[in-house]
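Summarising the annotation, TrEMBL assigns domain 'VOC' to 52-197. What TrEMBL records for 55, 121, 147, 193 is Zn(2+) binding site. The feature substrate binding site is assigned by TrEMBL to 55, 59, 125, 143, 147, 177, 178. As annotated by TrEMBL, active site, proton donor/acceptor applies to 193.
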């Protein structure tokens with residue numbers, strides 16, 4: 001049986017949760033309150049029940065650099081490659097899947113790859129490896145896209161290995177105010193956060 005104190009606590013907590021009509025706004029420039037964030041969330045429509053986040057796409061200059069990085073450095077698997085000669089571009093879908101699970105039939109493999117969660121779609125426009133241009137990584141003005149994040153069992157151990165492989169660091173685990181996580185860059189300069197769940201929580 002709940003004590004009176006516990007009853008009051010639960011009662012007030014329920015009131016706070018249900019009071020979505022009262023939005024606690026912050027002053028301009030002071031961010032957004034947790035209460036306002038909760039009030040902005042809408043109930044998902046039933047038709048979205050089977051939606052899932054499947055891929056993030058970004059453009060790469062040279063697959064001969066990017067594919068070894070994502071497989072050899074980050075440990076991803078090439079799930080599927082698609083080539084479009086008439087439009088002169090290729091797609092490489094990367095992800096954390098067991099290679100033994102990949103179907104042998106190419107049509108089946110395509111359908112399988114498109115149903116994996118949180119994959120990375122690397123888009124290569126033929127010939128870009130030979131020009132002097134570069135892609136905007138979103139972390140210089142005008143800022144937009146920030147980074148992808150890779151969860152690892154041990155941040156320090158992962159970063160020690162990255163150091164040996166000559167990976168470029170934006171932030172090492174011991175740097176800055178947010179200790180225990182790191183940011184590295186891929187061959188095109190895209191940022192990748194390296195973190196462990198209990199450090200972020």
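Here the Cβ of each residue, glycine as well, is placed from N, Cα and C on the backbone.
Using CA atoms as reference points, the binding-site residues 55, 121, 193 were checked against residue 143 (substrate binding site), and the closest is 193.
Within the same chain, residues at least 6 positions away in sequence whose Cβ sits under 8 Å from that of residue 125 (substrate binding site) are 59, 88, 89. Within 10 Å of residue 178 (substrate binding site), as judged by C-alpha distances, no binding-site residues are found among 55, 121, 147, 193. The two recorded residues, residue 121 (Zn(2+) binding site) and residue 177 (substrate binding site), have Cα atoms 32 Å apart.
If you measure from the Cα atom of residue 177 (substrate binding site) to that of residue 193 (Zn(2+) binding site), you get 15 Å. Secondary structure from DSSP puts residue 55 (Zn(2+) binding site) in a beta strand. Residues within less than 8 Å, Cβ to Cβ, of residue 55 (Zn(2+) binding site) and separated from it by at least 6 positions along the same chain comprise 93, 118, 119, 120, 121.
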